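What TrEMBL records for this protein:
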ACT_SITE  TYR51  active site, proton donor
BINDING   HIS109  substrate binding site
DOMAIN    19-261  domain 'NADP-dependent oxidoreductase'
SITE      LYS76  site 'Lowers pKa of active site Tyr'
Amino acid sequence: MAQQPIITFHDGHSIPQVGLGVWQTPQEIAAPTVRAAIAAGYRHIDTASGYDNEEGVGEGIRSSGLDRKDIFVTTKLRNTDQGYDATMRAFEGSLRKLGMEYVDLYLIHWPSPHRGLYRETWKAFVKIREEGRARSIGVSNFYPDHLEQIIGDTGVVPVINQIELHPDFQQQAAQEAHKKLNIATESWSPLGQGKLIANPAIGEIARKHGKTPAQVIIRWHIDSGLVVIPKSVTPSRIEENFKVFDFKLDAADMAAIAKLDDKSARMGPDPYTANF
Ligand code: NAD
């Protein structure tokens, strides 16, 4: 297997570019799913307090045969736990459920502007990082104006922003804004929740390279410099989604995928108005 690529954050820590997403992975199957991913070569798992599977993720990592330090673990703060003290308590809860002394990356899951608490929440994140209990801190679903607020308050720039991003929703403006601030971009729902597998343009590129549509889409995220966390609970698909390091998309492939971009193709809620 070719070596898996990493992205180095502005704080000096690195993240494996491909990870396993475990949203909608029930607690009961989280451990075997994580073990299957680690056996396939994954070294990065993306969970969240809101996925209600942190115990299973922790158990999967402990029973994988690898050391904790060899796996990059991301978790996220539940929106209802925003606020300085509530964040401190919630973070303790996540560590306890994961059975870990630290996480590699802690994210504010959504800005939830209607709560008016994300700026205070970021101050708690800065403290958690100072204590070394999260190696790196970042955000998810933040617009550039949310980023400006928290950076203005603290001078601390998130290492990453995890946002909805797939070949038909490419978020170029967000990617540009992140580049200017030295923030890595991470793609959630990278396969469009599976919908893009049937896209004819992707299918054509897949045939050309002798790869599957999922592999082409994941490779597109890699070649675009994005961190990518495809989700599956099916061991054969988990393996397939990781066999992406032995080919590259060429300029014609990238140009064909660029044409799929459609600003109206958002699948999840708009972070400005998401009121959960
Ligand atoms: P995804 O785009 O990764 O698609 C997953 C679906 O695609 C699977 O359920 C399956 O139906 C299909 N699939 C996967 N591999 C396949 C293959 N090889 N062949 C055919 N079909 C395949 O969707 P997602 O789960 O929404 O996103 C991935 C991860 O992103 C999540 O698990 C989670 O970790 C993260 N996420 C974060 C946020 C956020 O707000 N930060 C929101 C949504 C998702």
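The chain as shown is numbered from 1 upward.
Cβ atoms here come from the backbone N, Cα and C positions, even for glycine.
Sequence features annotated in TrEMBL and their locations in the structure.
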| residue | record | Cβ within 10 Å |
| --- | --- | --- |
| TYR51 | active site, proton donor | 22 |
| LYS76 | site 'Lowers pKa of active site Tyr' | 25 |
| HIS109 | substrate binding site | 21 |
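Straight-line distance linking the Cα atoms of the residue listed as 'active site, proton donor' and HIS109 (substrate binding site), rounded to a whole number, equals 11 Å. Across the fold, the C-alpha of LYS76 (site 'Lowers pKa of active site Tyr') and the C-alpha of the residue listed as 'substrate binding site' stand 5 Å from each other.
For the recorded site, LYS76 (site 'Lowers pKa of active site Tyr'), the DSSP three-state label reads strand. According to its DSSP assignment, HIS109 (substrate binding site) is coil.
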